[in-house]
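Novice: Let me give you the structure first, and then I'll get to my questions.
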Amino acid sequence: MSAKTVVFAYHDIGCAGIQALLDSGYDIAAVFTHAHDPKENTFYASVAQLCANNGIAVHAPEDANHPLWIERIAKLDPDYIFSFYYRNLLSEPLLALAKKGAFNLHGSLLPRYRGRAPANWVLVNGETETGVTLHRMVKRADAGAIVAQQRVAIERSDTALSLHGKLRTAASDLLRDALPAMLQGRITETPQDESKATVFGRRTPADGKLVWAQPAEKLFNLVRAVTQPYPGAFCAVGEHKLIVWSAEVVKGNEGQAPGRVISVDPLRIACGEDSLVINAGQRNDNGLYLSGPQLANELGLVDGSLLRGAESGRGPRRTRVLILGVNGFIGNHLSERLLRDERYEVYGLDIGSDAIDRLRSHPRFHFVEGDISIHSEWIEYHIKKCDVVLPLVAIATPIEYTRNPLRVFELDFEENLKLVRYCVKYNKRVIFPSTSEVYGMCQDKHFDEDRSNLIVGPINKQRWIYSVSKQLLDRVIWAYGAKGLNFTLFRPFNWMGPRLDRLDSARIGSSRAITQLILNLVEGTPIRLFDGGEQKRCFTDIADGVEALARIIDNDNDVCNGQIINIGNPDNEASIRQLGEELLRQFEAHPLRSNFPPFAGFRDVESKAFYGAGYQDVEHRKPSIANAKRLLDWTPTVEMRETIGNTLDFFLREAMLEIERPSNKEAC
């Protein structure tokens, strides 16, 4: 019995997988791999060479999920698709081509250690056991039902390289039994226990930094997780870089401060708990592999020297977050959220400060009043100075899309493109606010960041200038990402809450829907429902929204790098008419109700009477939040009724201040 198979493979575990398929009698129609990266330290076998030696067609496409490649694979008519250490996720349309299923070999005991670099992460975390798992592939990475697992013991002497060898052997053993059983239809699949799932992101050379305030055991685990052939654990010594290749833990630190050299022979460094003996290492990236004592001599270390980085004993430097548009709805709430966390320092710029007055005295909040189109030198300096940049400046009120389309383009695209280019120039992480508007008139039930088409109307419908300006900038950022820009795009879905707008903005029509409706209630004018008010939206509480955004800034294990993330509440879907009816109900029950005129009723009007002829509306806009759940461990919790109540209360109290001001002037 044979089965036509398409394989996605890389690394020598990819080679082990291909060899196991051949040994088990599978007919491999094609193999997809990755081209060799000259910047990468290649210590593993070549999938391409193995395929060439066995007469198997091999390809290395930039994007195997491209429709052209999916069409070619469909013509192969595979029974199975296998993935062995292939680095990219395979799309659902591609996986669906396998008549009998698509399966992946993952280097951990799932559901633990899903994601990238599991062999390195288990060592970093001091695990004593790992393994390999063969599982069915589904849309979500590493989440499908388990077919087989092979356990691997981790010895204290193991490094990432030795553990990788063990995993390669375990993979061959597992596949030797599982693949024939699969051909014979003798496998059973066990769903993963999601309550035990953990997810880890990719590791970078910067993750190898030694922080001497940490326990020696933790540093020992880091050293063996990133030792050769990986870039190594490191710290600064004067103007030099000390790379540690081999180390061991010694009990006690002689009462010395973290980072203090206790002795040079052996080279022993005090840690936050116990001490670390450096057996071997090198000076700088191009240095020789040396013993610890010789390394100490080369670096000019003596007993009592203090390694740079020992200042980490006072705690790591705070992350500096630059928020442009800090006085806006998202900016002021996000600043408040970040300032509750000692790890962050916030720098902000905006043309006003009324919404952030409550934050101005905070010692970790630094504000300058200014315009992004004018204060370019200040902005460039602070992008260079800060770690994370959030350009939140935009025109985002629908009437302006038709009333001032060129101004929308100039601010939302041109000015923000300058900010993105500064981030590219200074290699800074940018978290950019895309918008749910980019999905336009998409007909999908749930709008998916990675799958849904972005559909807009004809050119004469100018309301789409905001959507396409944002979409174009999304695409520019994505292209810069391919050249090294660290970015995350987030798409808010109808966030609401206190300080959303000002009632004055609603008076000139330049506000969001709920503010306009509240103004109608406050002034005793009819609530206008455009085109019947049947358009549905998913309303998200600002507290839920900024919590998700704060987690993007946290970026645990770098899981948000290069991602697009919808942030919305699909359970809070309601029409604009339903929004107005709930507002009215809460308005009538509010303690301040008696201060305002009687309700003037609902009135149906054509949208073009308010927005102009260039307007088009969207019937529904519901997000898929699978990415947010998976990457951020985030689920919205605030019900729409509560959000409406909080928003209404804020604006009614603001309206009361307006009512009281004239009498105050007269009293003077």
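Cβ from N, Cα, C; glycine included.
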Novice: Out of Asp303, Asp341, Asp350, Asp444, which is the one Swiss-Prot records at the NAD(+) site of Asp371, Ile372?
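Specialist: Among the candidates, Swiss-Prot records only Asp350 at this NAD(+) site.
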Novice: In Swiss-Prot, Val138, Lys139, Arg140, Ala141, Asp142 are given as binding (6R)-10-formyltetrahydrofolate, so which of Arg116, Arg151, Arg156 is in that site too?
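Specialist: That (6R)-10-formyltetrahydrofolate site, as Swiss-Prot gives it, pairs Val138, Lys139, Arg140, Ala141, Asp142 with Arg116.
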Novice: Inside 10 Å of the Cβ of Asp531 (UDP-alpha-D-glucuronate binding site), count up the other Cβ atoms and send me the figure.
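Specialist: Asp531 (UDP-alpha-D-glucuronate binding site): 15 neighbouring Cβ atoms within 10 Å.
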Novice: Which of the three DSSP-derived classes (helix, strand, coil) applies to Ser436 (UDP-alpha-D-glucuronate binding site)?
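Specialist: For Ser436 (UDP-alpha-D-glucuronate binding site) - judged by DSSP and reduced to three states - the answer is helix.
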Novice: How big is the Cα-to-Cα gap, in Å, between Glu534 (UDP-alpha-D-glucuronate binding site) and Asp371 (NAD(+) binding site)?
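Specialist: Taking the Cα atoms only, Glu534 (UDP-alpha-D-glucuronate binding site) lies 38 Å from Asp371 (NAD(+) binding site).
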Novice: Could you check the recorded positions His106, Arg116, Lys139, Arg528, Arg537 and say which one's CB has the fewest neighbouring CB atoms inside 10 Å?
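Specialist: Per-residue Cβ counts within 10 Å for the recorded positions His106, Arg116, Lys139, Arg528, Arg537 bottom out at Lys139.
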Novice: Within 10 Å of Asp142 ((6R)-10-formyltetrahydrofolate binding site) (Cα-Cα), which of the recorded positions His106, Asp350, Asp371, Ala396, Ser436?
Specialist: His106
Novice: In the structure shown, which of the binding-site residues Asp142, Asp350, Asp371 has the fewest Cβ neighbours within 10 Å?
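Specialist: Checked Asp142, Asp350, Asp371; of these binding-site residues, fewest Cβ neighbours within 10 Å: Asp371.
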